[in-house]
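Visitor: Have a look at this one.
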Amino acid sequence: MLTTTLLFIATAMAEIIGCYLPWLWLRQQGSPWLLVPAAASLTLFVWLLSLHPAASGRVYAAYGGVYVVCALVWLWGVDGEALRPTDWIGAALALTGMGVIASGWR
């Protein structure tokens, strides 16, 4: 389960970075060259997602819980926003759902 969770975290970070860089380009007038590492990051995201040990729909559902937590860490660490109590509660619920789904993998 630890290996799967670490793989989910790497997958989420690749997705977040791959989406954040075009956001910088579009919203913050960043360089169009940001699209090159964004494409590489999203390619890595897709490849990492293919490494997960269960049917794709189940993987996507469980991955969503880890993605929520990683996005909140990004919100705090990169965007500089303080997490609210509702963020913490939502993260706990998302991880609980991820754990329930992943516990049924064979």
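Even glycines carry a Cβ here, placed using N, Cα and C.
Below are the features I grabbed from Swiss-Prot:
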- 6-26: transmembrane segment (TRANSMEM)
- 31-51: transmembrane segment (TRANSMEM)
- 59-79: transmembrane segment (TRANSMEM)
- 85-105: transmembrane segment (TRANSMEM)
Visitor: Which sequence-distant residues neighbour the transmembrane segment (6-26)? Criterion: at least 6 residues beyond either end, Cβ under 8 Å.
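Guide: That would be 32, 34-35, 37-42, 44-45, 48-49, 51-52, 62-63, 66-67, 69-71, 74, 78, 98.
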Visitor: Within the same chain, where does the transmembrane segment (59-79) have neighbours whose Cβ lies under 8 angstroms from its own Cβ atoms, ignoring anything closer than 6 residues to its ends? I mean 6 or more beyond.
Guide: 5, 8-9, 11-13, 15-16, 20, 49, 52-53, 87, 90-91, 94-99, 101-102
